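Peer 1: The structure follows.
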Amino acid sequence: MVSLIEINEERGGRRRSSRGSNYSSTNGTGAGAQTTTTSRSGSNGSEKMRKLLLGIGFWVQGLRCLPWLGVNFFLKDGLRVDPATSQILQNSATLPMVAKPLYGIISDSYYIFGQRRTPYIAIGAILQSISWLAIAFLSRTSISFFMVTFLLLLGNFGASIVEVANDAIVAETSKQPASSKNSKPSSSGKLQSFVWMASAIGGVAGNLLGGVAIEHFSPQVIFWMFGIILTIQFLITAFIHESFLNLPKTSSSLGIKNQLSELLAALRKPEIFCSIGWFAATYAIVPSLIGTMFYYQTEHLKIESSVLGISKVVGQAAMLLWGVIYEKYLKLAPPRKVISSIQVTLAVFMLSDILFVKGVYRAMGFPDSLYVVVFSGVLEVLFFMKILPFSVLMAQLCPAGCEGSVMAFLMSSIALALIVSGYFGVALASYFSVTGNDFSGLPVALLIQAACTVLPLHWSYFVPDAVKSKTNAKEN
């Protein structure tokens, strides 16, 4: 009897302990599920906050075409500047963009109020606001050519700081691992496509508004409007703390020397340095004739400013469409093939410009204004469409910890290449005696431009076709 009672008690104890373990297991699972749910909601909140900050930032970045459209007419009609001087001024005004690696290293190294991205965005926004509002409030009689140059340099200095911080956030977020097994990592290009489309929407709004505003208001009014928008961006950014963005944590500030050494170490990698060098060369060796074409269209063909505004809207709409197409169909395509295809398309459009200048389309009954709206608008943005696939590639190649520095180096290389391209274009136009009144040498200059565009394709092998992820490398 005793043995039976002991056995029953032992069995009962086992059942009780089993129930207790089941209860604790269920409790643990519930707590884990609750933690996962909280984590997911926090992640979703951070993602929304990031998209808000980046959406506004890149939208304003795209909207910068609004005041720069006013600058074109302000220099031509207000200060009576010739085409060569206007192009030299506008290219020289982008010199602060060349120093982007320095801004990237500083933002990676020095924290402001415990933050290293959002304060720099706020600082850049307020510098731009000061620049454009200063130009807006100065009358045509009191403002000098050198004062305009200084204020444009200040505005681009602020814009470059904002772009460095925004690009660093995109690059850092793209390096984050997926939150679950079924979710895809952000490095697939979703965030890049999002900010690309935000910038394109800003460009559409800016050019559409600019084309209408330039007909009814002075350029100073346009500068004032953009200055107010930048002030609003500053206020929004100032109230967003970086902790809400859930950016990758860094142990401590590495300092400028360490950041510089990390940047140099990253640039020693052939796949990064050669790719950036080739990509910058695709801009530098192509002479820019955008300023010359602007004077040709407005002075020689007497194209109205509203038509130019619509042309730029069409171009920005093409940029927006390109972002959608790339996200849906081309984000997994080899970047080298995508960039090379865009380069060939550029050359074809330049050859079409030769027929346009020679009056071939006009003789066929195709209006000049229609060509400017469709072809000129798309050609102007084709130069920048290849940045999207290349930035996705660089985000994948960029080592962790110096995303801001590497992406800033990329953008500064492009900025320097565009400056060289602009000076090259001025020299080419001057060599063929293209002035504000004589455009007889423009077709030959356009032919040389098209030839220079296809020249870099011979060295396109510097750009890798694909990037092998670390997870795939481990599996192999």
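Start at 1 and count along the chain as shown; that gives each residue its number.
Glycine is treated like the rest: Cβ placed from N, Cα and C.
Automated prediction, rather than curation, is the source of TrEMBL annotations.
The compositional bias 'Low complexity' annotation in TrEMBL covers 19-46. Sequence annotations record features per position, and here TrEMBL assigns region 'Disordered' to 7-46. Annotation comment: TrEMBL describes 120-139, 145-170, 191-209, 221-240, 272-296, 308-326, 338-357, 369-394, 406-432, 444-464 as transmembrane segment.
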Peer 1: State the non-local partners of the transmembrane segment (444-464) in its own chain: residues 6+ outside its ends, Cβ under 8 Å from one of its Cβ atoms.
Peer 2: 271, 274-275, 277-279, 281-282, 285-287, 289, 292, 335-336, 339-340, 343-344, 346-347, 350-351, 353-354, 357, 390, 393, 397, 425, 428-429, 432, 434
Peer 1: Are the transmembrane segment (272-296) and the transmembrane segment (120-139) close enough that 3 or more Cβ pairs fall under 8 Å, when only pairs 6 or more apart in sequence count?
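Peer 2: No, these stretches are not in contact.
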Peer 1: Does the transmembrane segment (406-432) come near the transmembrane segment (145-170), with 3+ Cβ pairs under 8 Å (pairs 6 or more apart)?
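Peer 2: Result for the transmembrane segment (406-432) with the transmembrane segment (145-170) is yes.
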Peer 1: Is it the case that the transmembrane segment (272-296) and the transmembrane segment (338-357) have 3 or more CB pairs under 8 Å, with pairs at least 6 apart in sequence?
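Peer 2: Checked: the transmembrane segment (272-296) vs the transmembrane segment (338-357), in contact.
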Peer 1: What residues in the same chain, six or more past the boundaries of the transmembrane segment (145-170), come closer than 8 Å to it by Cβ-Cβ distance?
Peer 2: 50, 53-54, 57-58, 60-61, 64, 71, 74-75, 79, 81, 89-90, 92-97, 99-100, 103-104, 107-108, 117-118, 120-121, 123-132, 134-135, 138, 191-192, 195, 245, 247, 391, 395, 403-404, 407-408, 411, 415
Peer 1: When you scan the chain for residues with a C-beta under 8 Å from the transmembrane segment (221-240), skipping those not six or more beyond its ends, what do you find?
Peer 2: 49, 52-53, 56-57, 60, 63-64, 66-67, 69-70, 118, 121-122, 125-126, 128-133, 135-137, 210, 213-214
Peer 1: Checking distant contacts: for the transmembrane segment (338-357), what same-chain residues at least six beyond its ends satisfy Cβ-Cβ under 8 A?
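Peer 2: Distal contacts: 279, 282, 293, 296, 326, 330, 368, 371, 375-376, 378-379, 382-383, 385-386, 389-390, 439, 442-443, 446-447, 449-451, 453-454, 456-457, 460, 463.
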Peer 1: Would you kindly list the residues that approach the transmembrane segment (308-326) from elsewhere in its chain, counting only those six or more residues past its ends and only Cβ-Cβ distances under 8 Å?
Peer 2: 62, 65, 69, 189, 193, 196-197, 199-201, 203-204, 206-208, 210-212, 214, 294, 297-298, 338, 372-374, 376-381, 384-385, 388-389
